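Since the structure comes first, as structure tokens, the remarks are kept for the end.
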Amino acid sequence: MPGLVSIKTPPDAPPLRISVSESNNTTQRSEPGIPKTPSPLPKRLPSPSPSASRSKPSPDRRLKKPQPDSPNQILSETSLDNPDLGPFLLKLARDTIASGEGPIKALDYAVRASKSFERCAVDGEPSLDLVMSLHVLAAIYCSLGRFEEAVPVLERAIQVPEVSRGADHALAAFSGHMQLGDTYSMLGQVDRSISCYEEGLKIQIESLGDTDPRVGETSRYLAEAHVQAMQFDRAEELCKKTLEIHRVHSEPASLEEAADRRLMALVCEAKGDYEAALEHLVLASMAMIANGQDTEVAAIDVSIGNIYMSLCRFDEAIFSYQKALTVFKSSKGDSHPSVASVFVRLADLYHRTGKLRESKSYCENALRIYSKPVPGTTAEEIAGGLTEISAIYESVDEPEEALKLLQKAMKLLEDKPGQQSTIAGIEARMGVMFYMIGRYEDSRNSFESAVVKLRASGERKSAFFGVVLNQMGLACVQLFKIDEAAELFEEARGILEQECGSCHQDTIGVYSNLAATYDAMGRVQDAIEILEYVLKLREEKLGIANPDFEDEKRRLAELLKEAGKTRDRKAKSLENLIDPTSKKTKKEVTKRWPGLGFRI
């Protein structure tokens, strides 16, 4: 259970003569137990183990009045002022979960425990028992999929501890921030999640120092979150810090160092530094070999093959993939999703080298495995494989087949918490597919759904989000929704200027789209200013050898000539609204998109 402070209730606490109602008004769910979120928290004291013979209150019913109908009545009774009630109810909650009775009854106990701790807290003295009960309550909410209700509970929990009071308070504050970050992550709110992790790391460093091994684990955990948010500079900084800590506290070629280097390789690959990524992967592979981790070595071989393919060293990539494939087949079986993932990589490689028959054969082999998954295969694994295969079908001009695979992938993920960003990426790719086959209304709807999810997940400032806005604007142009297209291009321009710079090709494409849209709206002067700026950029910084330069120059001349006339404009076809770069969308969008993060 993430973020719990060690329980202080003695296991042999005497039974209390109180009435505990087992009724509840909460909607029943079918999910048993509390899932453990992998959060790098310091070790804690073990919680009391469940006991089949634990004592329970057994009031004499002959001497008591009938049980009240509403459980809220007991909460208003003076028994909540009993300082022994909170620890007892909290132990009941944990024992109820451990015994498999389900989280609904445990939720009732945890709510009452929190209320009791709240009422018994001494004024001016922060109660760690209250913090602990709130952490348990939030974890139960999360196990029921009620993440929105867990958030205010955890926000209350992190307000109670005072870090200056010592290690126990620091641990409670750290645990609360990390658990809150995990909850925000499950809600798809990436920015808020990372902010909580950052605060947790800050508290941990203040308490333990910046070279403690536990700080290294938290730093790597935070680096993974930054990678998911495509914030690679901060991720690289944290990876370097983690490597330094593990060099001091771990043996050479340790498993911890190998994990750090695999993550660092991922960051370097994302930043285009393939040689550095290859170096980290080779060192990680050597560490895994030294520790006898053959399956992990095979997984690293797949990553090495990816780097070789990026470097166009195809023979070495094939060798790495085949070596990994042999290990996966012998250790996991021919129908394991790991085998399918290597088939997908080989299919991509052979597609890039023009061997389309071999590529399609590997795609079909992978699809056979995904269609009949072995027990233990996750929906995320299958959806990821289907998405990658769809990219290959898209590249060979089979958009209909690619669309079917994307729809299957999205259906697998739609009920999974924490997958909003992934689903948004799939929807954006579906928007591209719909655009390619001329289904512009479907394209716009897919992009709109993706934009809503990306805004909610905190990715509204990423370059990927800017590209999605631009593509949605192009779909709006095809639907004659010029005003909406202009708003989308304007927002995309602001994001891409910030994230990529004015000279980036995607930013210039948005400039040109926006100029054409302003022209169609009658805002000729605005269109002229944008085109003049684009031509100035090309002449002073990018060079005029680009074939789009002459076309943009011609368009500007037409606008200047038109601006000198009376308002007797000829109607322009909407086909001319899309700039030269974007005219090629149907053919080239699949080439530009993967480099901007569309391959998930």
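Cβ coordinates are placed from backbone N, Cα and C, and glycine is handled just like the others.
What TrEMBL records for this protein:
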COMPBIAS  20-30  compositional bias 'Polar residues'
COMPBIAS  35-49  compositional bias 'Pro residues'
COMPBIAS  70-80  compositional bias 'Polar residues'
REGION    1-80  region 'Disordered'
REPEAT    298-331  repeat 'TPR'
REPEAT    383-416  repeat 'TPR'
REPEAT    508-541  repeat 'TPR'
Using DSSP, break the repeat 'TPR' (508-541) down into helix, strand and coil residues and give each count.
31 helix, 0 strand, 3 coil
Going by DSSP assignments with H, G and I as helix and E and B as strand, what are the residue counts for the repeat 'TPR' (383-416)?
28 helix, 0 strand, 6 coil
With DSSP helix as H/G/I and strand as E/B, how many residues of the repeat 'TPR' (298-331) fall in helix, strand and coil?
31 helix, 0 strand, 3 coil
What average pLDDT is reported by the model for the repeat 'TPR' (508-541)?
85
